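Per Swiss-Prot, these features apply:
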type     : residues : note
TRANSMEM : 18-38    : transmembrane segment
TRANSMEM : 55-75    : transmembrane segment
TRANSMEM : 88-108   : transmembrane segment
TRANSMEM : 114-134  : transmembrane segment
TRANSMEM : 141-161  : transmembrane segment
TRANSMEM : 175-195  : transmembrane segment
TRANSMEM : 217-237  : transmembrane segment
TRANSMEM : 253-273  : transmembrane segment
TRANSMEM : 280-300  : transmembrane segment
TRANSMEM : 304-324  : transmembrane segment
TRANSMEM : 338-358  : transmembrane segment
TRANSMEM : 365-385  : transmembrane segment
Amino acid sequence: MITSPPNEQTGEHTGSWLGVFALALAAFIFNTTEFVPIGLLSNIGQSFDMTPAQVGLMLTIYAWVVSLMSLPMMLATRNIERRKLLMFVFGLFVVSHVISAMASSFAILLVSRVGIAFAHAVFWSVTASLAVRIAPPGKQVQALGLLATGTSLAMVLGIPLGRVLGEALGWRTTFLGIAGVAALVVFLLARALPLLPSQNSGSLRSLPILFKRPRLMAIYLLTAIVVTAHFTAYSYIEPFTQTVSRLSGEMTTILLLVFGGAGIMGSIVFSLFSDRFPNGLLITAIGTLAVCLLMLLPLSGDATMLGTLTVVWGMAIMCFGLLLQARVLSLAPDATDVAMALFSGIFNIGIGGGALLGSVVSSHLGVANVGIVGGLLALGGLGLICYTTFLFGKTQPHAEMQADAKH
């Protein structure tokens, strides 16, 4: 890791758990707002006389704006000091949420979500590398785990609480509440983060170099396939549980809580085993995800079995996301922000693609089949990781970077 001179006061020599914690809270806010519509599809649809499948397209639009803008926004902001950049990002985030809460039409709601997506594109392009950068020495994996905990808590608390608030006071109140919490997080970030001059951000010149790294390209392809598989089913978990499983609104909220809690368990598994069994854990996570999605419909009639499946599903997808994030950082240490911007963009292509595919499946085959379609895609991802593990198993990751340096 490249360090800065002491007079820059970056705080990177001793590390800062407080700074990592602040970033984890920020991650909580961003992941809450990205996925909270999943628990409010029916309510938003009622406001604008739309079906859940139609409203679900807002997830696709949001995700694809993030995917398209992640790299351009990262490059446009690559020379900006990172703490200042995060302050600007959260300012845009708060204003856009206020507009969401006041939206008089679905079109205005979509415009406000695009504003949030722009903020999201910048945030996730820099946050993982910042967490690793400011973590105490030797605690980089744990820092990523804490960041993932913030993401998981969005599933555990953010999305279910957003749903409860939306059910009780209307979905607009949920967006106002997110704006209020985000405003508080801004102050914490300002106090907790040191000055963080941009470093190792990369530039457009980094792209041809990154594209020559087969391991990295395989990770990006795997990301697109598996994330699409997951969100084909997860984007429509609310209508699935209510129309197929016949669960009440309260039980649906509990199921969302269970899924998020499982994500925290998955981040713990990642912290404990990712260093020792990186390939085995990744293959296991994808295989487990495929089984969970394929069994979603067969187990939908038994609430206990569905809850158990949800726990395993949540653990698997969290392990998968963390493993790929860590692998991208390790394969592109010379251009972390560019590599993570690409990863964030591709991840969101998967989110949007999954939401769109789930909408098509729901409209033409019925929402009951979203798990089957997602599971088949996940099996494709399992085949890809098994092949690439065999192909690159004996190749050291640094060999690719050394080859780049010779050109």
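Keep in mind that glycine also has a Cβ here, set from the backbone N, Cα and C atoms.
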Original post:
When only pairs 6 or more apart in sequence are counted, do the transmembrane segment (280-300) and the transmembrane segment (217-237) reach 3 or more Cβ pairs under 8 Å?
Top reply: yes
**OP:** Please figure out which one of 55-75, 114-134, 141-161, 217-237, 304-324 racks up the most CB pairs under 8 Å against the transmembrane segment (338-358).
**Re:** 55-75
Subject >> Among 141-161, 175-195, 217-237, 304-324, stretch most in contact with the transmembrane segment (114-134) (C-beta, under 8 angstroms) >> reply: 141-161
Original post:
Looking only at residues six or more beyond either end of the transmembrane segment (365-385), which have a C-beta under 8 A from one in the stretch?
Top reply: 53, 218, 221-222, 225-226, 228-233, 235-236, 239-240, 243-244, 282-283, 286-287, 289-297, 300, 354, 357-358
**OP:** Would you mind listing the long-range same-chain contacts of the transmembrane segment (18-38), meaning Cβ under 8 Å and 6+ residues beyond its ends?
**Re:** 11, 44, 55-56, 58-59, 62-63, 86, 90, 93, 97, 116, 119-120, 123-124, 127, 130-131, 134-135, 143, 146-147, 149-151, 153-155, 157-159, 162-163, 174-175, 178, 181-182, 185, 188-189, 192-194, 234-235, 237-238, 256, 351
Original post:
Thinking of Cβ pairs under 8 Å, which stretch from 88-108, 141-161, 217-237 has the most of them with the transmembrane segment (175-195)?
Top reply: 88-108
Original post:
Taking residues 6+ outside the transmembrane segment (88-108), which of them lie with a CB under 8 Å of any CB in it?
Top reply: 26, 29-30, 33, 44, 48, 50, 55, 58, 115-116, 118-119, 122-123, 172-173, 175-176, 178-179, 182-183, 185-186, 189
Subject >> Outside the transmembrane segment (217-237), six or more residues from its ends: residues with CB under 8 Å to it >> reply: 38, 41, 52-53, 56, 59, 211, 252, 255-256, 259, 286, 289-290, 293, 296, 317, 320, 324, 327-328, 331, 342-343, 346-347, 349-351, 353-355, 357-359, 361-362, 367, 370-371, 373-378, 380-381, 384-385, 388, 392
